[in-house]
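Quick look at what TrEMBL annotates:
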DOMAIN    A:12-497  domain 'Cytochrome oxidase subunit I profile'
TRANSMEM  A:30-50  transmembrane segment
TRANSMEM  A:70-90  transmembrane segment
TRANSMEM  A:106-126  transmembrane segment
TRANSMEM  A:146-170  transmembrane segment
TRANSMEM  A:182-209  transmembrane segment
TRANSMEM  A:229-251  transmembrane segment
TRANSMEM  A:263-285  transmembrane segment
TRANSMEM  A:297-320  transmembrane segment
TRANSMEM  A:385-405  transmembrane segment
TRANSMEM  A:426-448  transmembrane segment
TRANSMEM  A:468-491  transmembrane segment
TRANSMEM  A:523-540  transmembrane segment
Amino acid sequence: METAINQTFKTKATKLLGVNKEDAKISKTYLFVSFVILLVGGFLGLAQGLNRAGLLELPSWLNYYQVLTMHGVFMLLAFTTFFTFGYLYAGLSHELGGLLPKVRKFVWTAFASKIIGAVLVVIPILMNEASVMYTFYPPLKAHPMFYIGLVFFAVGMWLCNVGAFIQVANWRKNNKGKHVPIFSYFATGINVLMFFALIPVAIEVLYLIPWSLGWVKTVNVMVSRTLFWAFGHTLVNIWYLTATSAWYVIAPKLIGGRRWSDTLTRVVIIALVIMNITGGFHHQIIDPGISLPVKMMHVFMSLAIGFPSLMTAWAMFAVFEKTARKQGGKGLIGWYKKMPWGDVRFLALFISMASFAPAGAGGIAQTTNQLDTVVHNTMWIVGHFHLTLGVTVALAFFGISYWLVPYISGRVLTPQINKLGVIQTWIWTIGMIFMSGAMHTVGLFGSPRRTSFTTYGDHATALGWNPYMMAMAVGGTLLIIGVILQVYAVINMMFFAPRGETEFPIAEAEENASPTPYWTERWGLWIVVMLLVVAMAYVVPLTEFIVNAPPGSPGFKTW
Amino acid sequence: MKMHLDEKIWLALSFGIMMIFMLITGYQAVAEGMAPPSNIQTIDSQKVDQTAPFDKPGIKQIGDHEYEVVMTLQVFSFNPGNIEVPAGSTVHFILTSKDVVHGFEIAETNANAMVTPGYISRVTQKFDKPGSYLVLCNEYCGAGHQMMSTTITVK
């Protein structure tokens with residue numbers, strides 16, 4: 001009886017209070033910044049696409065490589081980071097009964113740190129003092145301000161991680177023996193992975209600062225590359241894991257179903273956290289200075305990451321089919337008619353998921369060393385990450401925005417905006433099919449990435465690539481329309497849509513679920529396992545690079 | 001945790017596919033010589049011009065239809081450039097960078113290697129078909145990166 005009253009009271013309280021005002025402000029600010037960055041980053045992407053196709057000559061004060069560096073930093077680092085934390089903190093607040101005041105301070109400090117960092121990074125790029133790409137491989141030497149900005153940005157990310165840890169730890173203290181609710185469990189995994197992935201790149205950047213200031217003469221190139229990729233590839237997988245959280249937790253609710261096995265979900269998260277950091281090394285498959293056995297071990301370690309994603313693929317389609325059949329869906333594939341295709345929140349998530357089938361398969365293909373040799377540093381790679389990040393991650397984030405933004409703004413998703421969203425999703429998908437498809441194909445023929453318009457002295461091979469560049473430009477043009485529609489929808493839902501209550505759609509566990517074993521909560525253990533795997537992967541090559549290092553490289557400004 | 005039979009089959013297949021990938025990749029790399037370029041040899045990147053063999057970059061015939069090319073990469077060129085070899089030649093490239101990280105790619109072949117300062121990369125490529133092959137830098141190296149190319153003419 002008492003519990004029943006308690007529960008009614010709780011539901012009523014939630015209904016009455018809705019979203020916590022102060023927490024909503026956090027998420028709103030993060031998401032607003034995120035979509036403004038998307039808008040700017042989108043136009044930078046368009047400029048690149050048109051230049052590469054030979055349709056647009058960029059001015060000397062904003063050349064192709066500046067634009068490319070900014071597009072990469074904006075989209076890979078900033079858009080994603082701000083969105084992820086806006087989303088995760090909204091979920092943590094919703095699921096764990098509001099953020100602690102201490103945690104809010106962490107998140108706001110983090111926000112300031114990230115904004116300062118972003119400004120410090122952008123200024124030298126605009127001054128053409130840091131055209132070093134998102135990867136900033138030494139011995140390309142950027143202005144010290146660029147690296148200092150990166151430190152501020154990383155500190156901001158760390159503060160957000162720690163804030164989430166405090167929030168979850170506090171809940172666990174007050175709910176001894178209970179499982180952390182599923183959304184917060186995802187948030188924990190994402191934050192753990194990010195916290196540790198940032199360490200190698202932070203070490204790199206910290207020793208690049210004195211080098212760029214001229215206090216240290218030379219730098220170890222291979223150590224820098226290795227530390228970068230331990231972070232660089234993990235980062236994109238962190239955004240993937242964020243998208244995955246919406247597939248597992250949100251999508252079933254949107255179609256009126258329940259989640260897939262709670263245990264399997266948590267096992268997938270643990271597996272992705274443990275295995276991910278070692279995946280970065282496959283970016284160095286054709287680097288010199290690394291022995292074949294080490295490379296083969298890394299190829300295997302990278303391939304292993306494919307397994308949890310295949311588990312996910314199963315779980316998702318099983319949920320769809322189960323739910324659709326319950327609603328009267330029939331036939332081997334006829335059940336798909338029961339899915340809410342006109343609901344942008346579902347449609348965007350579904351395409352996000354479906355696109356990971358070719359994206360993941362391409363990833364597995366290019367991880368094997370023979371195929372990597374064919375496509376390494378070609379446009380294929382650019383096609384690959386526009387499929388993974390540009391579709392799988394971006395569309396998941398867009399899909400989330402159609403309920404998250406109204407939720408934190410105390411507004412509702414109107415049928416008009418829903419319709420706009422459906423159109424946006426299709427424009428985006430078609431644009432990406434054009435662009436990514438052309439990139440993959442021309443990459444197989446050898447067209448290099450990160451290269452402004454060129455015909456290599458009208459060489460026949462290079463001239464043969466031009467039609468694909470046109471297809472890329474067409475795709476890019478569709479995508480900018482998509483960006484504008486998306487940003488318009490977000491601004492509308494944030495400030496102008498009718499007021500009302502929007503639900504944070506977290507699906508419930510499946511019926512008659514067997515209890516989830518408690519070992520899934522042992523993060524201490526999983527972190528130790530992760531560190532062991534990382535050590536197995538990196539101790540040997542890093543020691544080799546340091547002990548048998550060639551004389552270091554002085555810095556170069558070649559742009 | 002209960003699992004459906006079809007889920008077990010799916011997971012077994014997934015696991016099997018990964019294993020087959022690993023086995024084939026490993027087998028081809030070790031037994032069929034399809035390993036990625038993994039040479040381990042260091043050099044002082046600031047003294048490339050004074051260090052053999054890079055003090056004399058060029059092409060040298062070392063056997064019947066077999067050539068050795070000692071090549072330096074620097075912003076924004078390959079030295080030597082515009083090489084010529086007869087059809088059917090196997091060419092061993094010995095590469096290093098004098099400044100930043102470069103890429104060495106022969107378009108329409110599988111020759112592809114990173115050339116990082118301080119290390120010597122080795123790539124071998126057999127040229128059967130006559131024609132003009134485009135060699136390009138596929139790692140961003142600066143303002144003139146898009147101009148960094150040369151050709152290999154196979155007669």
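Each Cβ is built from the backbone N, Cα and C atoms, and glycine gets one as well.
No curator has checked TrEMBL annotations; they are predicted automatically.
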For the transmembrane segment (A:426-448), find every same-chain residue at least 6 residues outside the stretch whose CB is under 8 Å from a CB in it, and list them.
-> 49, 351, 355, 362, 374-375, 377-384, 386-387, 390-391, 394-395, 398, 461-462, 464-465, 468-469, 471-472, 474-479, 481-482, 485-486
Sort out the residues at least 6 away from either end of the transmembrane segment (A:297-320), same chain, that have Cβ-Cβ distances under 8 Å to it, and list them.
-> 237, 244, 247-248, 251-252, 255, 257-261, 264-265, 267-268, 271-272, 275-276, 278-279, 281-282, 284-285, 335-336, 339, 353, 356-357, 360, 363-364, 367-369, 533, 537
Would the transmembrane segment (A:70-90) count as touching the transmembrane segment (A:523-540), i.e. at least 3 C-beta pairs under 8 angstroms with sequence separation of 6+?
-> no
